Amino acid sequence: MDDRPSSHAVGVSLCDSAPLLWRVEDLRTVRSQGLVGALLGSLPRTPRQNVRLGRPLLLLEEEETLLRERQAAAAGYQQDGRGAELRLQVQQHKEDQQRSYEEQSVLALEDRKSALLRAMTSSHTESGAGAQGGALRGRLEALDRSFTFPCSALAVQLSTARAGLSYCPEARVVLRADRPIRGRDELNCDAARYQVFRDLRGRGFYLTSAGKFGGDFLVYPGDPLRFHAHFIAVCVSENESVGLLDLLSVARLGSNVKKTVLLCSPGPDGRVLYTSLQWSGMV
Amino acid sequence: MADQNKKEPELKFYNEILTPSELFAARSRSRKIPVRGQKDFFPDDSDEQRRRLEQSLTEHWSLISEERVEKLGNLVKATWIPSQQIVELQSPAGKFWQTMGFSATGKQFLLPEEALYLMECGDLQVLHQDLPLSIQDGYEKFLSSSTVSLLQYQVFGHLKRLGYVVHRFDPSSQPSSYARQLNLPQSRDRAEKRGKRKRSDSPSTTSSHTEAQEESDRMEDKRGVHEGEDDEKLPESHPATSPETSGTHNAAASSAGAGGTWWMADVLGDQSDHQPTSGSSSHRDFGSILFPDLGSREHLSSCLASPDPSLLPGSLAVGVCDVSHWRQRINLREVKMSPKEQEREEARRKRRWDVNKDRQVRRCRNWAEYRELLARRGGRREGRPAHLWNREVTPLHDPRQPIPTGQLLEKISVIESTHLLEGASRLKDSDDWRICFNVYQPDSVADFKKSDPGKPYSRMCVCSFGGPVPDLRAIKQLALQSGDVLVVFAVVDHGDISFYTFKDFQLPTDVIP
């Protein structure tokens, strides 16, 4: 489906220290790597609802770390040094808009003509074609002369991602994958969580955040678009003692939402020990 | 954008700008969201599943990649002012102005979170340095710790998309704990109220004091503003105190100035000051003052001599009093009793408690004190020992007020359940938790006024799943700050937002009354 090489660097932009992805291409790239993230923005098509959201995509810290790890060796983007002056950019923007206006007014005229043509021909197919044809030609010529495309009807784009030619040159800095997005110490990604995330992702599972289920990750057997989550992963280090009540409460919660609770304990050599709790059925 | 993907990624400079024909075509695109079908339980590698996944993903990407395209005439234009962190409108505002934005110096402004939300809705185009800002620019420029954080904006956007009216919470708009204690109305008429209170300090309004005003007066006393200049303040009907007591009370009053039992003493002290003539004759020999006994048979004179003028207040002159009129009304006949009756009467007299032998009564120096004593005793007889009630610490329950057993048990229980606001005013402010937004319900939008938004439906506190749970102290403080409006904790977990509230819970009691 989307088999771009993983050498494609993903442009992560930090907003309030949260890693956000903006460009569709980047979103596709991370999804093709099985990283789901979470959409935060309003959907352009129908903005006033929360059922389906749009860009930007917020990455989990683990996802960000994984991306960084995978792409550390990849040849990243080189900055092309196109730091056009602001004045030129404003000029460019105005010219673009003017060109867009001209093109759109041609399109609008054509649109109007074809609509007129359709209306005339469909309603007068049987009656005297000659006279009608003359009238049609007259109407079309009149339209050609008098048509003006109002400026307010000009369709303009409210860009989602910052355009490449936008005036903000620092945008391109983060595109270089060989430059870490953030230093390791800046990331407060828990090592245990990351190890579990990496292991589960490595086994082909899709993961999302499971805060509302009282766990660390929700584990999906396939793309979350099509599949329900099977597990609630709770990261517990191997030698950490867990209170019985805590254990029971996560297990109870898991059974209530028809998911299995996985206690994930990262081992020494990158392996993870998975344990699940089940009611024995004995009375 | 498909054509861009074919280019070499290393060399391509990224943009998602639509061509004019794409823009034109976008005018007639669908506004519907494709319905998501039932999810599968487990991937089974079937073609059917693969096809459905493919379809879902195609829909997903078409939705995600869609750009906002609006007609220029439908867009409100604005500019970003980085120095003030606000957005100034350049063209007339749209419908959103009813619930968003503010005017200042003849200009219309939007707060950054409002502007960003409107940008996301395709209602607003924000320019900076004559170039339109993308949504990404908006997120990166508008959201900061000095305005609204990303976390807070997530909550803001979530609620706005649901139709709620969301405003920033301004702690200074809340009445102070002092104002709240006085139960004053909201800040708008606070100034007027203050004027009223000043007027109430005049003597004439004493009797019409409302509770709040009285309280405020007392507060003023405490702060030393009041210096006893309003001695007329006391009601006329106050029982007279003898000149002898006035001396001690004066002392008490003066010590009250230094902050002792200021209130009670103040009252009595003022009263004694009010009797100018009594000051000189400080001691009286009550044994030498004769009270006439009109019932006595020995007394034959029909006239009473005028009393000693030194005993009378001021310039009051009392002449000779003719008592013959009164004597006619008194039954002067001797009571004829049988010997048995006489015996009984004798016994009764022996048993009878002679009021003059009572030490406490003898200690009374005037009628007021005697009356007080009687009242005290009366109270005791009624089941409420007065000495238990006239001090700072009083019994838990007044036995004269019968209440059901359940209530009584609740009342006398030493460990009581408390409510959220209890003791909250004593807590010091902390900056760890703060209320972010006032939220008004969607159905209030129609007649919503920004100038007079009324009481919010709830107040939002934004936190993250990664952070700590608010402790009782924080909950109390926020509840106090919010007053009678519910504080809701919006907990953001990555993309999900959950809303929680901490509510007082009254445990049911199973005592049958």
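Heads up, the Cβ atoms here are built off N, Cα and C, so glycines get one too.
What TrEMBL says about this protein:
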ACT_SITE  A:Tyr220  active site
ACT_SITE  A:His228  active site
ACT_SITE  A:Lys259  active site
DOMAIN    A:11-73  domain 'TSEN34 N-terminal'
DOMAIN    A:192-271  domain 'tRNA intron endonuclease catalytic'
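DSSP classifies A:Lys259 (active site) as coil under the three-state reduction.
On the backbone, the CA of A:His228 (active site) and the CA of A:Lys259 (active site) stand 9 Å apart. With helix defined as DSSP H, G or I and strand as E or B, the domain 'TSEN34 N-terminal' (A:11-73) counts 20 helix, 18 strand, 25 coil. Break the domain 'tRNA intron endonuclease catalytic' (A:192-271) down by DSSP state and the numbers are 27 helix, 21 strand, 32 coil.
Within the model, the domain 'TSEN34 N-terminal' (A:11-73) carries an average pLDDT of 88. Put simply, A:Tyr220 (active site) is 10 Å from A:Lys259 (active site) when counted between their Cα atoms. Long-range C-beta contacts of A:Tyr220 (active site), restricted to its own chain and to partners at least six residues apart, with a cutoff below 8 Å, comprise A:Val36, A:Phe205, A:Tyr206, A:Leu207, A:Thr208, A:Phe227, A:His228, A:Ala229, A:His230.
Take the CB of A:Lys259 (active site) and look out to 10 A: across all protein chains shown you find 19 other CB atoms.
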